[in-house]
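Only one structure is covered here, and it is reproduced in the block below.
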Amino acid sequence: MAMSTMYPKYSTKMENDTVIMEQRLLKKVSNLVLNTTKCTGCGICSEVCPKDAIILGLVGAVRRGAVKDEAAISVDPAKCSYCGVCTILCPFDALEVRVDGEPSLPIKEQEGFPEYDFTAEIDENKCVRCTTCSEACPRDAIVRDIPVYEGEVADGAKRQTALDAVTTLVVDKEKCNVCGICASLCPALKIKRIPFTAEKVGSAGEVVWDESLCNACQVCATACPEHAIVVERVVKEGSKLAGKVTIDKETCVTCSWCEKVCPEEAVTIKKFFDGEIVFNADKCPGGCSTCVDICPCNAIYLPTPVPALQLKKDSIEPTIAVNADLCILCGACVNACPSEDVITIRRSGIHVKGPETDLFKSIAAKLCVPRSSKIQEDTFGQVELKPLE
Amino acid sequence: MTEILIKNGFVFDPVQGINGDKKDIAIKDGVIVESVSSAAKVIDASGMTVMAGGVDIHSHVAGAKVNVGRNFRPEDKLQAVYEPARGVRHMAGGNSVPTVFKTAYKYADMGYTTVMEAAMPPLYARHTHEEMRDTPIIDQAALPLFGNNWFILEYLKNGEMDNATAYISWLLRSTKGYGIKCVNPGGTEAWAWGLNCMTINDPVPYFEITPKEIVAGLIAANEALHLPHSLHLHGNNLGNPGNYQTTLDTLKIAEGFKPNNTFGRDQVLHHTHIQFHSYGGTTWADFESKGAEVMDYINKNPQLTCDIGFVTLDETTTMTGDGPFEYHLTALNHLKWANTDVEVECGSGIVPYVYSKDIYVCGVQWSIGLEMALLAKDHMRCYLTTDHPNAGPFTRYPRVMKWLMSEKARDEVFASMKSEDKVRDRSTLGGIDRELTLYEIAMMTRAGTAKALGFGGKLGGLVPGMQADVAVYPYNPETESDPEQIEWAFSNAKYLIKSGEVIINDSEIVSNGNKQTYWVDVKTKASTQVEHDLSEMFRKYYTVSERNYEVEEKSFMKNPNVIAIDATL
Ligand code: SF4
């Protein structure tokens with residue numbers, strides 16, 4: 001067989017959570033690696049690909065797990081030039097270009113393309129290390145570097161260690177008759193008893209207290225039959241839990257859930273896209289909720305029915321709704337929606353830093369074409385949207 | 001040519017003003033005639049009472065909820081032993097919810113020939129018609145339910161009277177129904193959400209229409225359609241202390257409406273089982289009768305008729321399209337409860353109930369019905385019913401007649417009550433010495449009900465030309481003095497003739513007759529809106545298809561008798 005028909009050699013293979021596209025030259029091997037657990041089917045890669053090598057498939061079914069062994073996107077390894085534009089612009093960090101096995105983004109290194117510029121910060125001074133943002137974040141992007149206490153796991157750190165405080169326990173030796181009750185109640189107290197002896201019958205000894213085990217609960221003081229114990233705790237002004245809460249910028253998608261739910265207003269998020277999303281619930285057939293299931297930001301919801309007692313003709317809840325404040329305009333919902341004109345996305349700006357090259361500008365223009373879904377597509381097996389305006 | 005001559009009976013026919021005169025009644029080919037030839041079969045009625053066949057204006061005798069009542073109360077069959085088949089009779093049983101055969105035989109024994117089924121869920125019309133088809137002897141018709149129907153709520157809310165009437169006409173034709181029944185207007189739809197409309201001004205969830213607007217709209221639609229019967233209403237807030245105020249508010253809605261029909265009907269609103277709607281007090285502790293107040297209003301308003309719903313002091317089965325009321329009842333008495341919500345249209349509930357003489361509330365309920373009937377000024381507008389089987393089985397009509405006709409009989413009941421004084425104290429019945437006459441009973445059971453139903457001129461009297469439905473009772477009004485004889489005689493007709501055919505001969509049922517089922521076919525202007533709404537509603541909300549909805553005469557009815565009306569004229 002002639003060399004020319006053997007090289008370059010293209011292949012695609014699926015391995016667990018990754019799909020690996022490959023171009024093999026005589027010496028050089030280029031790969032585009034898709035992480036299917038991170039991919040949300042937003043379709044930004046397919047819009048930005050300078051070679052039109054990426055198409056979108058069964059976004060809803062794949063994301064819901066109804067279709068296995070298939071990814072939401074598919075890349076033609078022969079059309080792909082392994083340039084890395086998709087990798088740079090994927091908001092979900094799902095794509096990676098590798099050359100000869102090593103991560104490689106020459107286009108970025110040679111300053112041929114900008115990257116997203118966004119803010120995702122937590123003001124350490126305002127943050128009280130509560131659990132709200134980390135539970136609300138739909139992407140698990142909150143890094144909560146805080147000791148795990150016994151409230152969360154049985155063998156976690158003792159709760160008294162969470163406070164910056166001084167605790168004192170004073171035993172009035174005059175009153176203490178070394179009865180042993182306090183020590184039997186609390187692990188912070190021990191009794192050093194002078195051994196009983198027939199020579200001198202009586203109860204004597206001393207109470208020993210370990211501050212690190214005391215949580216100032218006052219049980220010993222209350223239980224002491226002689227009122228011999230006084231416990232006091234002074235907490236240091238502004239005491240907070242130890243550790244730090246931060247946002248992992250690789251994972252963060254700027255949905256701003258954390259900012260909206262933070263009780264201390266400690267979070268600042270600036271999104272990477274400007275624009276608007278509009279839901280036209282009248283066109284939604286209901287009973288689908290694919291968009292709700294696949295939204296990477298949990299921004300879409302099924303509105304709660306009005307209780308019968310308040311039910312009026314015009315108070316029937318819409319079939320579907322979005323909280324636009326939480327939306328990042330990624331476009332996954334439009335790609336997955338099986339109906340027409342229910343969801344409209346209009347991106348009006350992309351926040352980037354770095355050289356805004358002509359290539360970038362032409363790609364940005366494509367990203368800013370407003371779109372909705374359509375029912376009947378021209379090509380079977382791939383998502384086609386309806387450009388608006 | 002069949003000819004019959006009923007000779008020498010004491011005839012009571014309020015239609016002709018005949019009050020106990022000795023008269024012969026001649027029958028030829030199914031109708032009453034002036035005279036017959038000497039070849040006529042002669043029935044000797046001397047010493048007996050002769051009346052037209054009874055016409056029951058309100059009774060639950062056929063259809064879905066009646067059958068649920070039969071199904072979920074096997075113990076009801078123990079109260080009345082099954083009678084084996086005999087002669088023309090099929091096996092028959094059941095007490096408060098008798099089988100279809102027993103229903104027919106008992107009505108025949110009481111001299112009744114026509115019975116209106118009071119509440120037909122439109123979607124289950126086929127069930128109702130199948131049971132009526134299997135009920136021999138008595139002529140029947142059924143009233144479909146409209147007061148919680150989504151089409152009606154929608155059209156009336158928007159003031160679309162033409163669409164409301166076009167829809168009613170379509171539904172009467174589809175279900176082979178007779179008139180407009182309304183049960184707990186709006187409240188049963190609210191019950192689909194677990195709620196209720198307790199006054200006439202409580203809006204229905206989502207539909208934002210009030211019971212008052214529903215009732216007014218249905219009266220207007222009824223008259224625009226020139227229907228033989230008026231709106232047949234069971235108002236809101238049934239069975240609660242203090243509800244007489246709601247009842248008066250409801251009855252007032254009819255003020256200003258005029259009857260518009262060629263059937264001889266004078267009322268625009270028939271309020272059914274009014275006894276249950278005439279309660280005073282605020283709780284069961286201070287519960288008292290407001291029967292006098294309600295009857296006073298009805299006496300003064302000729303646009304109204306009512307039936308009583310007499311409590312017969314029996315163990316019985318309640319069944320009504322008033323779903324929330326039945327739930328309320330099961331919460332009171334903790335007996336078993338069945339409920340059916342019917343898509344788009346209505347709802348219902350069923351609960352057994354024991355009206356015990358030893359319970360003072362039941363005693364007062366018993367008093368209220370009798371009090372109202374005795375205070376009625378015009379028995380052509382106040383009828384004898386028990387809302388069978390809600391206040392008691394229809395088989396107790398003769399007992400109710402006894403109570404109405406005999407103060408002594410009433411005093412005996414009072415005396416048998418555990419809390420006689422308290423019961424007497426809570427109504428005016430004890431102070432009423434009026435005793436109704438057979439003439440008034442005939443008004444309450446045939447002349448009046450036939451007129452209110454739009455059968456005047458055909459049923460309810462013995463005028464030559466009328467359908468020959470005649471009952472002969474072994475009761476001598478000149479000599480009889482024992483009230484017990486009233487109950488016995490009116491439970492055991494000596495002869496019954498229906499459409500000229502002898503059904504009971506010498507106290508024995510000898511024929512299953514030739515029963516008919518009436519329905520009303522009323523022509524209206526076509527409404528494209530209603531056509532559109534029907535196809536939309538069936539497509540989106542019904543579990544059956546529009547084409548599979550209609551009750552066809554051929555398959556479901558025996559001897560359909562269509563009353564055709566042209567409401568476009
Ligand atoms: S912006 Fe959204 S994705 Fe980023 S950390 Fe906050 S909640 Fe998580």
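Positions of Cβ are set from backbone N, Cα and C atoms, glycine also.
What TrEMBL says about a protein is an automatic prediction, not a curated fact.
With a threshold of 8 Å between CB atoms, the same-chain residues lying at least 6 positions outside the domain '4Fe-4S ferredoxin-type' (A:30-59) that come near it are 17-23, 67, 70-77, 79-83, 85-87, 89-99, 101, 294, 296, 330-332, 335-336, 359, 363, 366-367, 381-383. Here TrEMBL flags A:30-59 (among others) as domain '4Fe-4S ferredoxin-type'.
Same-chain residues lying 6+ beyond the ends of the domain '4Fe-4S ferredoxin-type' (A:71-100) with a Cβ under 8 Å from its Cβ atoms: 10-12, 14, 19, 21-23, 28-36, 38-46, 48-59, 62-63, 106-108, 113, 115-116, 250-251, 253-254, 272, 296, 328, 330, 359, 363. Per TrEMBL, the feature domain '4Fe-4S ferredoxin-type' maps to A:71-100 (among others).
Looking only at the domain '4Fe-4S ferredoxin-type' (A:118-147), the predicted model's pLDDT averages out at 97. Under the heading domain '4Fe-4S ferredoxin-type', TrEMBL lists A:118-147 (among others).
Residues or ranges marked as domain '4Fe-4S ferredoxin-type' by TrEMBL: A:167-196 (among others).
The DSSP breakdown of the domain '4Fe-4S ferredoxin-type' (A:205-234) into helical (H, G, I), extended (E, B) and coil residues amounts to 8 helix, 11 strand, 11 coil. If you look up TrEMBL, you'll see A:205-234 (among others) marked as domain '4Fe-4S ferredoxin-type'.
Proximity of distant same-chain residues to the domain '4Fe-4S ferredoxin-type' (A:243-272), defined by a Cβ-Cβ separation under 8 Å and at least 6 residues beyond the stretch ends, is recorded for 91-93, 116-130, 132-134, 136-147, 296-299, 325-330, 350-352. As annotated by TrEMBL, domain '4Fe-4S ferredoxin-type' applies to A:243-272 (among others).
Under the heading domain '4Fe-4S ferredoxin-type', TrEMBL lists A:275-305 (among others). If one looks beyond the domain '4Fe-4S ferredoxin-type' (A:275-305) by at least 6 residues along the same chain, the residues whose Cβ comes under 8 Å of a Cβ in the stretch are 40-42, 59-60, 63-64, 92, 138-139, 253, 255, 257, 317-330, 332-333, 336-349, 368.
For the domain '4Fe-4S ferredoxin-type' (A:318-348), same-chain residues at least 6 beyond its ends with a Cβ under 8 Å from one of its own Cβ atoms are 40-44, 56, 59-60, 63, 91-92, 253-257, 260, 271-286, 288-292, 294-303, 367-368, 370-375, 383, 385-386, 388. Look at TrEMBL and you will find A:318-348 (among others) tagged as domain '4Fe-4S ferredoxin-type'.
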For the domain '4Fe-4S ferredoxin-type' (A:71-100), residues assigned helix / strand / coil by DSSP: 5 helix, 8 strand, 17 coil
Folded-back contacts onto the domain '4Fe-4S ferredoxin-type' (A:205-234), same chain, C-beta under 8 angstroms, at least six residues removed: 158-161, 165-179, 181-183, 185-194
DSSP-assigned states of the domain '4Fe-4S ferredoxin-type' (A:167-196) in counts, ordered helix, strand, coil: 5 helix, 10 strand, 15 coil
Summary of DSSP states over the domain '4Fe-4S ferredoxin-type' (A:30-59), given as helix, strand and coil counts: 6 helix, 9 strand, 15 coil
